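Below is one structure, written out as structure tokens, with a few remarks after it.
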């Protein structure tokens with residue numbers, strides 16, 4: 001973590017929840033160690049404070065490295081959580097994913113976990129080679145580590161709030177389109193859902209293009225993923241570039257889906273796409289203002305639906 005000191009400070013506080021921090025290291029731009037006098041964990045208020053041996057002056061740039069362990073929770077508890085599905089043979093398959101809104105990023109990594117604080121995130125995952133790893137930005141080619149494990153890195157994210165960071169690993173399959181502005185749009189589900197994802201990919205691609213056209217601001221990443229999860233505590237979450245849904249919302253059997261199914265899926269997809277601008281690019285300052293994000297997204301979901309499907313605008 002890189003820290004730019006804006007005014008002279010004697011200590012530095014991060015949010016942390018259910019994390020066991022075992023070591024920290026601070027260095028300056030010259031890679032010289034910065035002595036630490038003390039560290040304090042305040043569990044009740046989810047804070048971890050580093051006390052410097054000497055005050056750090058304005059303009060100083062620090063590099064903070066930490067080693068810690070955390071928990072993989074049930075999906076009800078958010079943070080980094082596990083979920084599963086049972087296939088037609090009765091076999092159980094597991095995946096992990098994140099739900100960091102609201103204020104659960106601190107349960108995955110020490111950070112300044114408030115919407116007003118934004119950063120660029122660099123992510124690297126080690127995962128079972130038979131699975132797929134996804135995050136906010138498009139994955140680079142994985143490296144085989146042997147013994148059934150791979151490592152993948154992801155390009156840096158745009159400047160964004162901690163609660164919008166997302167990553168997941170699972171036995172995923174996808175359907176993809178490249179929309180009119182050249183953005184790769186992928187819909188993901190688990191094995192056996194290959195034919196159920198086309199509608200979501202196509203709809204999300206249209207909504208993403210129309211939102212960029214309307215605002216004059218193109219979606220800032222190479223791809224935008226839409227993942228159907230078997231268990232999810234909310235209807236959907238607008239993670240920047242990796243939207244996660246409860247699977248019933250966006251995994252649609254083309255042989256049985258009704259007009260109402262299509263309308264409801266389109267509504268929630270357009271809602272989450274509009275959040276990529278209103279909420280992700282432009283963000284509320286604190287948690288009690290997040291209703292503003294939802295207000296804009298609720299307004300724009302209908303607008304995007306009509307623009308993405310003009311022949312059905314009167315019905316929508």
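Cβ atoms here come from the backbone N, Cα and C positions, even for glycine.
Binding of Zn(2+) is annotated in TrEMBL for 271, 275; the matching candidate from 289, 294 at the same site is 294. The DSSP secondary structure for residue 272 (active site, proton acceptor) is helix.
Taking the Cβ of residue 294 (Zn(2+) binding site) as centre and 10 Å as the limit, one finds 14 other Cβ atoms among all the protein chains shown.
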